[in-house]
């Protein structure tokens, strides 16, 4: 090992020939090749002959024998130190190449290119971590795995982005490295490049169209947030949405240009506000025509001194638009309130997701996040944050400083740990010098401090807003609240058709050639993408049942049925919709809202929420809007009171009145149905009376139900065939079930509306608490705030009371209809029983008639038979006079018929007599058999008793006549001796025993 270290090739060759162990290791378990590869002072061509000599031996370069205490092979160390020639020799090791006579043949195998060390790193990981671009190319040429993952999920691309090696990043991306690969904590290569301030690497990644820029790690941070957290303002601007317009699809750009955003400035203006409308694209991504480096519109005005605060409204619930606007505001404020912005982005985690388009909505809530404004001079001198263990600074700053010289730090391949929120690093004061832009090579910033200060001052004055209260601690407030609105049936169907086409990617309707509307453009641009950011408008049933298909329910709302049945309102019926109010109060000078407009929004819409808010702002009867919280309360008041029944408006928009009218109509229908049932029941009673069969002495003409005679009555409730009509009325329950279904729908939709109002009430209570806390911190009076919120809650409570009252009315109707159906069922049962009784009576009458004919037959059949005999010309009949014929005919006939008539009349009694007799006979027979069985059982019991008494009798004989037991040898055990034993006994004892049976037999007899 010493000979190899000193480059003594001859001595090394001699030692090998004398049997020296080439795999001998030192204390760090390194052999000669390990030490040569790890020696930074070893540069080629010094020592190449020594390495070649070792490679032609059995010197291990892989496997367990080829790994040191860190699990590294000589190839790992060659990649770490940048020994390109040695790495090539290790990869191309061949026993036949350069072999000389007498030398020991090696294994002939090259180094395993994807061998891993203890932490799972391959040689490519080590080369990228040390910025060895030439070795990376060598390894890739030998088919190294570019997506191999080490501990924690680190890939070579992660290491390259962490170290800021642009050349290596481009090489890896060209070889198919996964650009969106994530560590176990969710961090992507873009996260590492952004937080490290590697501008060139970030630009390289942004060039790839498949890059996911908004991926969040397990801590909820995007690459943009990572850059802001580590004070990388150049990366923040690079990742800003307005600097990445090219990444947007054409459909998204078209949708942004089709819709107009509303910007209202409050301050020293006419009517104390100024309203401007501009396209969403110009608001979010537009550039100043005169200075393309500047934004066309800023979120907070800096040029107008008369503006106190600003309200920006977006015309759709589009998360992409809101995120772009909030990000723009964050950048313009200096990108220092990272925690506050992170809290705003976390508010999007409250989104409800589902498989259907209408399943996406924001859960109702109101939350506030802390917001701290820093002074401008603190903002201009940011300090480098460090991680908890200081590794970020160690692997970040030196790498950038020495990038141009080529010298690399010795320990730069350390793992990244999450830094939390970024602590200030006091050990690196040079980071705050003017002109040192993070992520910029050092040689590019020499002598440019003055230029850097000018750029910073211009950036500060043009893009960063001026906070009038530099040290005011405020909060950001986020509000998600549902509210009721409407849409016509035709427009809702158009919206549903557009959504269906977007879901099936059928963008152009067949057979239709027309220009797409802006609403269709918006839906096609966002619903067809993999990540749904657009929340569409929902019907009342879609709001309450977000996970089912509600097409049939949407077309059968209570207000829709009411309008279609009412004269003058069925031309364009309307239905209930549930929209969402998204509102963010950012500090004291900006408020952002987003809620949808109607499909193909008409100009003169009396329930246009945006126009209503502006009207409330300009109202002379209200106090002027002095703060963002005053404006926020006006917005919530307008949204929660869209269908205020006490506001003046068109009758066709009073939807709650439609519910009340529908309940009144249902009540009237229930009364009519009950009266019809009562009338039909009375008719049934009169019909039964008129058809009752009574005795002639008690029969009287029936009175009609309505006081008319029987003929008029029959014409009232009988059809042409004389069949009663009231039977159909009593058995038909179609109208009752329809009314029951309508009442159920009314109660169901009232419950949905109640749910919306309860959500509003809960959100407003939380919002009131947040505003009161803010006013208390600013030592402002809370009386007016509480009064306004109390008015809003009073209006909601009033609507809730109206809904509860209507629900109770509908419940009474529901129970009344149920009772009516129950009465009809009971009446049908009673009527059926009455019909059954009448049918039984008729059957009885028929049986009696049959009995009469039977008796007549029995009487006349013998008579006719006897009479027929006398018609025969027999010589025995001497004289057939009347007396002679009558004597025999009636005598014999009545003798036969009278008994048969008696049998026919008493056949039931005779049958009963025979049944009783048979039962008695069977009972007596059963008693006799049971008695005999008991006698047999008694005899068997006596036999058993006799058998059991034999041992006792044997003992008595032995004692009386033997004077003691005989010896065992003299006893008789066989069957032959038992008769002698019994024969020798006294008859006095045995006879008494055997005399029991005759006595018992006599007793049984």
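Any Cβ shown, glycine's included, is placed from N, Cα and C.
TrEMBL lists transmembrane segment for one of the ranges 850-872, 919-941, 942-964, namely 850-872. Per TrEMBL, the range carrying the annotation transmembrane segment out of 884-905, 972-993 is 884-905.
Counting residues 6+ beyond its ends, the repeat 'ANK' (119-151) has Cβ neighbours under 8 Å at 71-73, 75-76, 78-80, 82, 84, 87-88, 91, 113, 157, 159-160, 162-163, 165, 167-168, 171-172, 175-178, 181, 399, 403, 408, 412-413, 415 in the same chain.
Taken through DSSP, the repeat 'ANK' (119-151) splits into 17 helix, 0 strand, 16 coil.
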